[in-house]
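Novice: There's a structure below that I have some questions on.
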Amino acid sequence: MAEITQKLVLPETFQGVRDELAGQIGMMWELIKAPLIVPLLRLGVYICLAMSLMLFMERVYMGIVIILVKLFWKKPEKRYNYELIQDDVELGSSNFPVVLVQIPMFNEREVYKVSIGAACGLSWPSDRLVIQVLDDSTDPAIKQMIELECQRWASKGINIRYQIRETRGGYKAGALKEGLKRSYVKHCEYVVIFDADFSPEPDFLRRAIPFLIHNPEIALVQGRWRFVNSDECLLTRMQEMSLDYHFTVEQEVGSATHAFFGFNGTAGVWRIAAINDAGGWKDRTTVEDMDLAVRASLKGWKFLYLGDLQVKSELPSTFKAFRFQQHRWSCGPANLFRKMVMEIIRNKKVGFWKKVYVIYSFFFVRKIIAHMVTFSFYCVVLPLTILIPEVHVPIWGAVYIPSVITILNSVGTPRSIHLLFYWILFENVMSMHRTKATWIGLLEAGRANEWVVTEKLGDSATKNKSGDASKNKTNAKSAPKRLRFRFADRLNTLELGFAAFLFFCGCYDYVHGKHNYFIYLFLQTISFLIAGFGYIGTIIPSS
């Protein structure tokens, strides 16, 4: 009988302790919620609404300007002095300026032939063209392959130089800077830069260089990127949508209104005198291209963007590579803003409104606010208001403004309009990494200068998909181990953590909420889970 009583009393004791503990936690929550949690969350809502309005006004402004540009602005050939360089039998090639082509590389096994072959195929007199392959590869086998490819083209009469360095100091900026110091570059007037996966059309220089020849105030002519693998998977399709808006709207608006925009690091032709005037390449951030562009603009130089001057390139097709790229692209501008904002303010050669454009529009709204508001509002603050119903988010801030911003963002890629909903969810996932990288750049924390070269797969992705059945059978014994390693390597804990948080908020809203946010929260949870398990690069989009 004593044993039975013991068994009954112990569970009741534990039950009582649990109820008492839960009651104490609930009392503590109520004590701090009203004076602390609710005001802080309400302040977060106000800040997020203010950031949303800033981004909304920026998008509307650019939307209006791009419409005016397309309807009423003259084409670049009529806005600027422009005359194609004609082949002259008597003068020979002397009426063509000497152009340097720089191709920076780092272990580009899959794509090194792409840019080298395209550069050697440019329609430009061979005695007025110098091709410089700047190889920072650390793999001896790859270095040998690239050197042999350069020798192969040199044997055909192409003036191509293979350059290596003892160290990778300064990364890409260091390689480009070192390349300009070579003695054979002194007689070059212009330099065009192509990353290893970029393939320009033969007439690229013939279309771009005349703008620089006949307009001495222009420092840079930037071409547009086109993507050869945009249909490979959902990841590449989402990237295409984001980058097409950047080129179709942001670059076009900057070029038309202030003759300023961020150099994209490749597919652009620089006046070497402008590079020197701006102080040359600097490696103080991971966005050496934007750094040079801002400094050249502060010296009074103008930039020209040509949307119809297109260059084929490759998008990252693995989620890991894309995350590293986005870290660099988000951290670098924030870090550069921290280092240059006072220099921009104090500059005497640039007018007031251009300073406002560069500081507020180019840097603050597009490079900082755009990342932070997406993540903080829709992945943190809005879900928390479900758990704390005392804080209210107006419908115009939660639905109407983001809907208009999303529609305006979609103008760059009309063919993907049916994927817009997936793009929203995907951008919310990526905004977490971009926000983290932005704070690292602003605070100049540990990873502020981290440089990881974006992995390019070239044709290897297609080859890998086809596979080799016989080889798989031969290696059947080791396959389970390899699969377990790959799965563990795919896991992204931050995404999985936020998936759990959003799922909890969605369940709470389904049971207790009144706004039906759980529909969005469950869909966003699925997106975070897909990214968390690393499978976002394997989904094939519908055409």
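Note: Cβ is positioned from N, Cα and C throughout, glycine not excepted.
According to TrEMBL, the feature transmembrane segment maps to 43-69, 368-388, 400-426, 491-511, 517-540. Residues annotated as domain 'Glycosyltransferase 2-like' in TrEMBL: 190-387.
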Novice: Could you give the mean pLDDT over the domain 'Glycosyltransferase 2-like' (190-387), rounded to a whole number?
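Specialist: That stretch averages a pLDDT of 94.
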Novice: Under a Cβ pair cut-off of under 8 Å, which of the recorded stretches 43-69, 368-388, 400-426 contacts the transmembrane segment (491-511) most often?
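Specialist: The stretch I would name here is 368-388.
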Novice: Please give the sequence-distant neighbours of the transmembrane segment (368-388): residues at least 6 beyond its ends with Cβ less than 8 Å from one of its Cβ atoms.
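Specialist: Contacts of the transmembrane segment (368-388) (Cβ under 8 Å, skipping residues fewer than 6 from its ends): 33, 37-38, 41, 44-45, 48, 51-52, 54-55, 330, 333-334, 337, 398, 402, 427-428, 431-432, 434-435, 437-438, 442, 498, 501-502, 505, 508-509, 513, 515, 517, 521, 524.
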